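Reviewing the structure listed below.
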Amino acid sequence: MNENLFTSFITPVILGLPLVTLIVLFPSLLFPTSNRLVSNRFVTLQQWMLQLVSKQMMSIHNSKGQTWTLMLMSLILFIGSTNLLGLLPHSFTPTTQLSMNLGMAIPLWAGAVITGFRNKTKASLAHFLPQGTPTPLIPMLVIIETISLFIQPMALAVRLTANITAGHLLIHLIGGATLALMSISTTTALITFTILILLTILEFAVAMIQAYVFTLLVSLYLHNNT
């Protein structure tokens, strides 16, 4: 119980070399490209889920927005797979690092905003000043809208980091409590173990939901700028 709660969030290192690159690239092995006429059930299930998500997420976009389909589907696969792999014992979840989530959020947000200023300059500038604003409030509203625009990538990254980190910490705490209670009260240990199982199932759902929410928000930012 003396172990630091945040030890599991430290980047793993072997022989002084960080393993982040290998960990980030590992999920791509779970999505092989099938060259067969009839795919196996795993690949078929992946393709069906991708088609379902892409149809639901990209239906609101015009032709310019739909050019981002491949990038957004790759993003949701990457975040979802890394979140799920992070739930395995003795593993590491890259999405618990704010720096990595900012590295995903800022370029995607910047790309959507730049696309908006390039293709819809007047409409993009109009977002900084709502229609019918009293003249004395114009400078204040422009400042507020500018700040809210630049906060969007930070909100994306912090939301993903906080949700994944909170779930891992709860699993770590309840797992440690279960081990400590095994020598004190078997009945209480069984109850906490049941809670741990339910929390792990919930965390699997959260891992997929957070990947979908992150990608959906990026898609909405893109929709507002195309």
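Note that the numbers count up from 1, one per residue, in the order the chain is shown.
Each Cβ is built from the backbone N, Cα and C atoms, and glycine gets one as well.
According to TrEMBL, the transmembrane segment annotation covers 6-31 (among others).
Taken from TrEMBL, the feature transmembrane segment applies to 67-86 (among others). Away from its own ends, the transmembrane segment (67-86) comes close to residues 23-24, 26-28, 30-31, 50, 53-54, 57-58, 61, 92-96, 104, 108, 160, 164, 168, 204, 206-208, 210-212, 214-215, 218-219, 222 of its chain (Cβ-Cβ under 8 Å, at least six residues beyond either end).
Annotation source TrEMBL lists transmembrane segment at 98-117 (among others). Within the chain, the transmembrane segment (98-117) has long-range Cβ neighbours (under 8 A, six or more residues past its boundaries) at 64, 71, 75, 79, 123-125, 149, 152-154, 156-158, 160-161, 214, 218, 221-222, 224-226.
Residues annotated as transmembrane segment in TrEMBL: 137-158 (among others). Remote same-chain residues near the transmembrane segment (137-158) are listed as 98, 101-102, 104-106, 108-110, 113, 127-130, 214, 217-218, 221 (criterion: CB distance under 8 Å, separation of at least six residues from the stretch ends).
Annotated transmembrane segment per TrEMBL: 164-184 (among others), in sequence order.
Residues annotated as transmembrane segment in TrEMBL: 196-222 (among others).
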